[in-house]
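Peer 1: Marked as compositional bias 'Acidic residues' by TrEMBL: B:330-342, B:550-572. The compositional bias 'Pro residues' annotation in TrEMBL covers B:495-507. As annotated by TrEMBL, domain 'RWD' applies to B:14-168. Taken from TrEMBL, the feature domain 'RING-type' covers B:204-461, B:208-242. If you look up TrEMBL, you'll see B:318-348, B:484-513, B:548-572 marked as region 'Disordered'.
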Amino acid sequence: MSSPKRRIETDVMKMLMSDYEVTLVNDNMQEFYVRFKGPSETPFEGGLWKVHVELPDQYPYKSPSIGFVNRIFHPNIDELSGSVCLDVINQTWSPMFDMVNIFEVFLPQLLRYPNPTDPLNGEAAALLMRDQKSYDKKVKEYVAKYANKEAAEEAGEDSDDEDEMSSVGSFKSEDEEPAGQMEV
Amino acid sequence: MDGDLGSDDDERGIELSSIAAIFPELVIGSDPFTASLELPISPSRPLLVVFPQLTSNAPASQIAERLEHVSLQEKLELHGPPVSNVTAMLMEVKEISHLPPLKIDIQLPQDYPSTSPPVIHLSSELSWIPETRLRTLETEAKALWEELGHNQVLYDYIDLLQQAADDGFDLVPKDGSAVTFPATLEVALLDYDLKMKRRKFEESTFDCGVCLEPKKGTACYRLQDCNHVFCVECLQSFYSNCITEGDVYSVKCLAPDCERKPTLESKRQRLTKTLEASELIQIPIPQEQVQRYVMLLRKKRLESNSNTIYCPRKWCQGPARSSKPVNKDETEDIESIETPADESDKKKALPLPSERLCVCEDCGFAFCCVCTQGWHGEFAPCFPRSQYELTTEELASEAYLRKHSQLCPTCRARCQKTMGCNHMECFQCKTHFCYLCRAFLDQENPYKHFNTPLLQCYMQLWVMEEGDGDPGDVNLHPVADDQFVQPEDDNLPQAAPPPPAPAPPAPALGHLDDVPHVRYNRRAQRGLARPQALQGHAHGLQRFLAMAAADEEDGWDSDELDDDDDDDEDDI
């Protein structure tokens, strides 16, 4: 089982060498953050996201888990958790793919060609299908608000659990409201 | 080496030592001026070979005749539809890229090269090269020696042989068709070819695309269909992972863009095919994993097949297939599932009586796929049960629920009183209600309901104090029947019952036990096992709609329904 570990190192080294800003968590090659820039000529252009990457022990036989830390408005990315719905990093993952593929090809493609028919963010999908212009506008709003350099950095400063706590809290309040209404 | 060659100044010695430098495989014989060399034969283009098998029912002359006339094209077609029965049966064109070596025995006479040519003897392992051809090649040594003006000729001669070998010794007919070898050689030649290929593979180095490390061929495996090479360790880890997690459809070539030559150009067909179990064993993948793989594949195939019927025995539930669709589906691939439209059409029509027999693959139980009873033969009538119909068991528990439980007026959660008074608080939504009539109770003063003389529950607070569970117990509380819609109604797409409005927290409507209801009596007479506990109704129109919806699925007579509906209207 030595080769998977070596492969993890190789992949992270490749990321570093292709000019990605990579922040390791716990000096462990298996968990890190990558700064990801929105692809040009898309409403995501100019955005900077911090993407959390976790490589399972069985990487590359198993696909990595990828999540956006700061918010993004995209039909196939969950707004709160940041998890990405993309076939090539889930069902059709091949062990011959690597991290550079993901950041150089898969994620830019996903942002460029969203798939509103299989949404994780229903609102974004509905908006994209109904009104492309407002979708673009809203994406840009999000980029300006959440995906600037400071926001990306800040998302890094905020410890993870804090982030999770707040999102859990918002879930709760949302859930309780309709329940309360029903009781009335 | 030079020492072995005796006198160094001898021209022959010098020549042999220089040949030995070029061909390290050269073996110098006991006599210093004899040598032998084995020339590996790997023709530049793989030889197409046929091994005609002489069978008793096809005369040899006929085959020979055919062989002469079969051109390459025709032979290639043999892979497709057979051209003719005889040739298709007897000839399979094999591609051979490595053949047993040509052995060259060289003897240099005393007066070589000035006056005598070298004495050459050629032979081939398994003597697959025709004798006549070898003799011609032998004589060419002399010709070449003459041509070079009685000079040292060995290198040029070996080179000539090499070239002849590259061309396959001109064994291939001019029209490019296959070479015919005696059938006795088939196994040996193919075996040699395979062994050489394997050795070549093992000697080379591959960069595994997964672990990105260069690996010796011995640690690698070449996938049979697509020829992609990966290291065994990576293949094992990946496939084991897939099989353990049940993702058997990923057990295919690791290359993402690998399309293993799709046999049929159909859109429905998957481009990539999962590996055969036999290949997994070769990699090698542990046997228990391969077994699990085969088991899971079979299961998935059965599950994805709409014709699969599961064994009605509860302890078995193994897959079974009815006789007719089996034949059809086994020839088809898993992927070629019919379009949804076809399926829905199929579901509507019941299979013919002759096609209703199913045999469970696990327990061998033979049953009818329509009525799921033990097989009753083709001519016994069977009564197809609709999947919405309830079993006796389900009916009994439904009847019990009606009789011995109450619904929360808000959330319709069922509860059963085990003991105590009739003031209930819903465990789920905390609504306070009366266990007898389902009326909402005022949270502040719930007992008012039982203390108001005009209401029907007056003085009934402690009725059924011992609980509502005794099977022999008489039904003491009315159940508003519109609240008990059959559970499976929700799954029905065609039935759209009106949304049940919560019963208003009004004073209970009172027992309707005394109002005889035509419909239920009639049903009871017809033995439809509708529990008699269903009595009384609250809201005429809603109830009517709900019942109409329910009746539709149960397949009751619509005429009768109409009558009843009229009655309902009259009641209001």
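Heads up, the Cβ atoms here are built off N, Cα and C, so glycines get one too.
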Peer 1: Any residues 6+ beyond the ends of the domain 'RING-type' (B:208-242) with a Cβ under 8 Å from its own?
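Peer 2: Tertiary neighbours of the domain 'RING-type' (B:208-242) are 200-202, 248, 250-251, 253-255, 258, 260-261, 273, 275, 279-280, 282-286, 289, 293.
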Peer 1: What average pLDDT does the predicted model assign to the domain 'RING-type' (B:208-242)?
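Peer 2: Taking every residue of the domain 'RING-type' (B:208-242) together, the mean pLDDT is 86.
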Peer 1: With DSSP helix as H/G/I and strand as E/B, how many residues of the domain 'RING-type' (B:208-242) fall in helix, strand and coil?
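Peer 2: So the domain 'RING-type' (B:208-242) is made up of 14 helix, 9 strand, 12 coil.
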